[in-house]
């Protein structure tokens, strides 16, 4: 197999592995609050929103050290160990205990930081300036198939149910745990890239992720990775992109946890309200996959750069937020176990709810594929620290959003996303114009996203 073929194989395996792991985890996150609501009349007293807030809070802090950990053990082994912790978190729901639930939330926060830092490093190692857009799209599309499979099962398994039984819960989470473990094992298929740098090249990637096995050199790489993360954090481009990244964190919280809870709480959806959570996840996944395919796999056909894609993303999201505001009751995110009988400005319609799910996924893919692409382009030699900063900002904003989701009515959550999304789009445009100027200065054709 040629070098280029090997790199493409690695990207596909990376995407498929993440697809399996996040089929389990995202399905878990989508139904966690609904399941927990049905448990809170037992000895279990946990909150899905609080758990997710812990996860993303720990994740954000752990990104300060994740480049150093990846530097020491390597991206492949980092992803394998992280995948095991994802599986343990999901397994907690088979027989929930409050202490185990929150302990697992802390552990998976650390694992997630390492997993996504290693993912960014692996994606960049197997890409170059001409393929980063394509590879970002392939990875993102494969990853988002995770929203289809798990939620499809939930839709059919929970159709017509207004209460989730112990047997239903155990069956779902045993299956999700096994699926997560399959994805973890697949990481072993990723093939190591040969070093093509000439001896003596001054390359910061070699400095951070070199091949020496000595403890001293590993420690030096770990320290160098930490210093590089701090340095990159205060560059103009990273500070501007952090606003865009913050928006993706807020949206991540909304579509992966809050919106499904809103749908499940609307009593006017009748006996379909719980199964519609799964159907919503499917439509989000369709939007994500469509966006990843169009703006990643077909990126070579665009000569306008990343900005039009991001503009489309924010317009699609604004339409979704407007429709959600009219379709969903304001108290839906914080409704009790009995649900809510309130209405917004129209009688809630499941067709509108599913359309909004699709638009949320499509808009999210616009932002994330372009962020992955521009980070891989700007920081090709410092990929691990750059992607660690990306996940740090995204996860800390997701943690904040999960926290206030316990208290804020729907209208205020939507308003926060509109404001941050507007400014995040402007800052992304600024960085992209700078990237276009850099390409022009090098005499390269500005023809790929």
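Heads up, the Cβ atoms here are built off N, Cα and C, so glycines get one too.
No curator has checked TrEMBL annotations; they are predicted automatically.
The transmembrane segment annotation in TrEMBL covers 7-26 (among others).
Taken from TrEMBL, the feature transmembrane segment covers 46-65 (among others).
TrEMBL lists 100-118 (among others) with the feature transmembrane segment.
If you look up TrEMBL, you'll see 138-158 (among others) marked as transmembrane segment.
The annotation transmembrane segment is assigned in TrEMBL to 170-190 (among others).
The transmembrane segment feature in TrEMBL is assigned to 238-256 (among others). Sequence-distant contacts of the transmembrane segment (238-256) (same chain, six or more residues past either end, CB-CB distance under 8 Å): 26, 29-30, 52, 56, 232, 284, 310, 317, 357, 360-361, 363-364, 367-368, 371, 374-375, 386, 389-390, 393-398, 401-402, 405, 413, 416-417, 420-421, 423-425, 427-428, 430-431.
As annotated by TrEMBL, transmembrane segment applies to 276-297 (among others).
Taken from TrEMBL, the feature transmembrane segment covers 309-328 (among others).
The transmembrane segment feature in TrEMBL is assigned to 386-404 (among others).
TrEMBL lists 410-431 (among others) with the feature transmembrane segment. Same-chain residues lying 6 or more positions outside the transmembrane segment (410-431) and placing a CB less than 8 Å from one of its CB atoms are 237, 240-241, 243-248, 250-251, 254, 258, 262, 306-307, 310-311, 313-314, 317-318, 321, 324-325, 328-333, 370-371, 374, 378, 401, 404.
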Close approaches to the transmembrane segment (170-190) from elsewhere in its chain (Cβ under 8 angstroms; 6 or more beyond its ends): 10, 13-14, 16-25, 27-28, 31, 76, 79-80, 83-84, 86-87, 90-91, 93-95, 122, 150, 153-154, 157
Beyond the flanks of the transmembrane segment (7-26) by 6 or more, those residues with Cβ under 8 Å of it: 1, 79, 83, 86-87, 89-90, 119, 122-123, 126-127, 131, 135, 138-147, 149-150, 176-177, 179-180, 182-184, 186-187, 189-191, 193, 256, 281
